[in-house]
Amino acid sequence: GKVPASSILASAPSDKNLDAWRESGCRTTHCNLEVLQESTLVFLATKPHILPGVLQEIRPAVGPHHVIVSLGAGVVSLAAGVPLQTLQRLLPAGTKVLRLMPNLPCVVQAGAMVFARGSGAGDGEAALLKSLLSSCGLCEEVPESYINIHTGLSGSGVAYVYLFAEALAEGAVKMGMPGGLASRIAAQTLLGAAKMMLETGEHPAKLRGDVCTPGGTTIHALHQLEKGALRATVMNAVEAATNRACAM
């Protein structure tokens, strides 16, 4: 809501990819150079193997007023696995470049995003990007080495949470609760737990311990999760996704 739809110009090779932008009131084009001519802040959202060709195409139109990473004046890259060094090499020297990694819940303004800035981007560009994206959720500046870790933690992590929510609800279904009700309660349970973590600032181990009473239901349930190696399995999942992101 911080940028009027009429101020956004989206470019894609096919109308299929532009329909959603038009429905939102944004302007559209099939010409990437037109975007550079009319914009100062440019977001690049392509697959990694396509990005070098796009950068080669727009390079002649990139000027000192552009920020490549995002916001105000620049280009923001959302392409997983494409480092700042590559972005800077394929663009004119001194271009303001930032690398951004969002996750899926950004579409409901509850995302988790991290970004890193290239050598040409200063505090102003970083502050602008963070301010604009704050309406989509949490946005943190990090060293570039953290971006692939963020992919394993949060980009892919959304799917881990969905799997856990599904299992949580199915456990209730097994015990006799209707599926729809179980899914709603599972989702609210995850939402409430996450909100308590964010608002209290407490370590999750402390919050988990607060729920456990000696000999109670929760400690018996946690024992089963520990026997199933939930903790180690989730850590392994984050590691696997991070390593895959590094290899892309």
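Note: Cβ is positioned from N, Cα and C throughout, glycine not excepted.
Positions annotated as NADPH binding site by TrEMBL: ASN32. Annotated NADP(+) binding site per TrEMBL: ALA45, THR46, LYS47, PRO48, in sequence order. Here TrEMBL flags 7-74 as domain 'Pyrroline-5-carboxylate reductase catalytic N-terminal'. Per TrEMBL, the feature domain 'Pyrroline-5-carboxylate reductase dimerisation' maps to 144-246.
Around the Cβ of LYS47 (NADP(+) binding site), the number of neighbouring Cβ atoms within 10 Å comes to 11. Mean model confidence for the domain 'Pyrroline-5-carboxylate reductase catalytic N-terminal' (7-74) is a pLDDT of 84. Comparing the residue listed as 'NADPH binding site' with ALA45 (NADP(+) binding site), their Cα atoms are 12 Å apart once rounded. When Cβ atoms from all protein chains are considered, those within 10 Å of ALA45 (NADP(+) binding site) total 15, not counting its own. Taking DSSP states H, G and I as helix and E and B as strand, the domain 'Pyrroline-5-carboxylate reductase catalytic N-terminal' (7-74) has 27 helix, 13 strand, 28 coil.
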